[in-house]
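**Student:** Pulled these from TrEMBL:
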TRANSMEM  12-35  transmembrane segment
TRANSMEM  47-73  transmembrane segment
TRANSMEM  85-106  transmembrane segment
TRANSMEM  118-141  transmembrane segment
TRANSMEM  161-180  transmembrane segment
TRANSMEM  207-227  transmembrane segment
TRANSMEM  264-285  transmembrane segment
TRANSMEM  361-382  transmembrane segment
TRANSMEM  403-421  transmembrane segment
TRANSMEM  433-451  transmembrane segment
Amino acid sequence: MELEMASMAAAIGVSIPVLRFLLCFVATIPASFLWRLVPGTLAKHLYAGLSGAALSYLSFGFSSNLHFLIPMAAGYASMLLCRRYCGIFTFFAGFGYLIGCHVYYMSGDAWKEGGIDATGALMVLTLKVISCAINYSDGLLREEGLREAQKKNRILHCPSIIEYFGYCLCCGSHFAGPVYEMKDYLDWTERKGMWARSKDRPSPSPYVATLRALIQAAICMAIYLYLVPQYPLSRFNEPIYYEWGFWKRLHYQYMSGFTARWKYYFIWSISEASIITSGLGFSGWSDSSPPTPQWERAKNVDILGVELATSAVQLPLMWNIQVSTWLRYYVYERLIQKGKKPGFLQLLATQTVSAIWHGLYPGYIIFFVQSALMIAGSRVIYRWQQAVSPSNAIFRKMLTLINFAYTLLVLNYSCIGFQVLSMKETLASYQSVYFVGTIVPIVFTLLGYIIKPARSVRPNKAQKSQ
């Protein structure tokens, strides 16, 4: 068996631990489908939790479930003992334990060198445990004055230990997400809300959407395997890279970031297929005739939306969508004081939390600080664009093109830090292109204070997204 694993791993160019993870990760799809066949609500909760624990054991070993148990137990105990403060306690306890695991396992170096451990799954689990505790704490608050997300997700009654167990490890969904809410999980399991069955509301078929996600996963993996030998990350440490001219180095940075993204597109396509086939990914019916089922709850990435984004502000809505939503609900919006508008500090704090969630490597922190600068600069360009009269279509399109080029430049420059991780390599790669991806956002942000266009009338949706 070990020889077969070794030969298979060598054939696709990965280590045996990574191959074991990939096999278990793909197995979440049939595991999620079998959930549909389990009779009874209690049995469904037990199956969801036990199947997730079994896949974790097969993928990462017995210690992984012990690591998962600690934040799960801390979160549930705080919900039982101190409901009013369980959200804030779980937030700091969950992140504290996650940081400790990041430091102990040095997970970023392991992932960079082709290894794998349970900290990736622990990252997803931590967000689920924190959101559950915060929403239970929100259940004590009066509905008046709550944001829409708080009203929708707050939990009035403490879930049972079996419900909590099923929610946390559901069919291996903690491997790579997407993150979802306890209330949605309970409604899905108990066939309530949009999952309720009736003659007028048939159960949505997941098969076409699951097949589409699997085809997308296969294409993403093929593109990644084709590109990665041509644009290895090690090139940034080779003398030949520094012998190239400015434009060739900048092009290589773009292609390095472009190549790395296809790995994430593959992972998220598999997780999307898993959540869709279980039915949990269902988000309602379209307005078309006949109506078709929508699966936005399972979606973690919009590939074309990322690669063709005309504004950096759009990226959190297209990349790691459910984690971005979590950060907006549980960090960004909760830092905004009533009666005041959000500013750069709220954005920077949110990006800092995201960086810490990924790990304490300098490359992560630099990347997310860069992301805050990138979004701030893109907002300035967008405001200029909206201030231009619609009759001046050519100038508006020019500003749109500038914002697109700006996003392309700064995103792929910034993400080198996310890949190489170390301070020395990150700064060396940035310096090789004269810190252009740092200077440009700062210049645009400062220009925004000098060139202040008149406010234009915009649709509400556009205002919220910006």
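Glycine residues also receive a Cβ, built from the backbone N, Cα and C atoms like all the rest.
Whatever TrEMBL says is automated annotation, not expert-curated.
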**Student:** Does the transmembrane segment (433-451) make contact with the transmembrane segment (361-382) through 3 or more Cβ pairs under 8 Å, each pair 6 or more apart in sequence?
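**Tutor:** Touching, yes - the transmembrane segment (433-451) and the transmembrane segment (361-382) meet the threshold of 3 or more Cβ pairs under 8 Å.
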**Student:** Please check if the transmembrane segment (47-73) comes into contact with the transmembrane segment (264-285), where contact means 3 or more CB pairs closer than 8 Å and the residues in each pair are separated by 6 or more positions.
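**Tutor:** Judged by the Cβ rule, the two regions do not touch, with the required three close pairs absent.
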**Student:** Can at least 3 Cβ pairs under 8 A be found between the transmembrane segment (161-180) and the transmembrane segment (361-382), with each pair 6 or more apart in sequence?
**Tutor:** no
**Student:** Among 85-106, 118-141, 264-285, which stretch has the most Cβ pairs under 8 Å to the transmembrane segment (207-227)?
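**Tutor:** Most Cβ pairs under 8 Å with the transmembrane segment (207-227) come from 264-285.
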**Student:** Same-chain Cβ contacts of the transmembrane segment (264-285) under 8 Å, 6 or more residues past its ends?
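**Tutor:** Distal contacts: 25-26, 28-29, 31-33, 35-36, 170-173, 175-178, 180, 184-185, 188, 194-195, 203-204, 206-207, 209-210, 213-214, 216-217, 220-221, 224, 291-301, 303, 320.
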